[in-house]
Structure formats: C-alpha cells, structure tokens
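Peer 1: Take a look at the following structure, please.
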Amino acid sequence: MDVENAARNLGIGRDELLEVLELFLEISWEDFLALKEALETGDQPRAAAAAHSLKGAALNLGLQELADLARTLELADKDGVLLGAEGQLEALREKLCDLAQAVHP
C-alpha cells in the first residue's frame, strides 16, 4: 500500500491515515477471527455479519481488494455455499498481513 498516495486520496495527512489504519487493523482482525470461527462452526448469520463489517470498513478506506474478498465470503455464506471458503479466508488473512506490514514496515 502506498500510504502517501492513500492519504492524499482521502484528503488527510500521513500520520492521520496511519492512525486510522491501526484502528482498522484492530477491528478487522477481530472481524476476521469472528468470521473464521463462524465458518468453522457453521454459524452462517455470524459469518455474514463479520464479513459484511470487514467489507464496509475496507470500502471506507478504499481498500478494494480486501473489500472484494470479504464480499465474496459474505455472499457465499448467505447463499450457503461455503466450498472454497478456506482459500478465500486465507487470501483475506494474507491481505490483512500485507496491510499490517505496510503500516509497520
């Protein structure tokens, strides 16, 4: 992630963006863990809610790839089609890790 460019696009300073991303990562990891647990236990409403929350937060920050992965999991879960969810969940985890590394190089 290009932090300078993202800050410019959002109309805020670099330090402000880093603070927002810190908060996003905290909440997103909670949502990710809730999503993972819900998928493992078959709790479809909880999985959809966690994926929806993650998607919305990512969209607000312009993190389209993260939002797309969360949306895929949200819709798959709503349709009851959880095949391949592990791969999508792992891709989502990797994107969150990539973002964490960009925030904490």
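Every residue, even glycine, has its Cβ placed from backbone N, Cα and C.
The domain 'HPt' feature in TrEMBL is assigned to 13-105. The annotation phosphohistidine is assigned in TrEMBL to His52.
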Peer 1: My understanding is the cutoff is Cβ-Cβ under 8 Å with a sequence separation of 6 or more in the same chain; which residues meet that for the residue listed as 'phosphohistidine'?
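Peer 2: In sequence order, Ala70, Glu74 meet the Cβ cut-off.
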Peer 1: Could you please provide the mean pLDDT value for the domain 'HPt' (13-105)?
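Peer 2: Computed over the domain 'HPt' (13-105), the mean pLDDT is 89 on the 0 to 100 scale.
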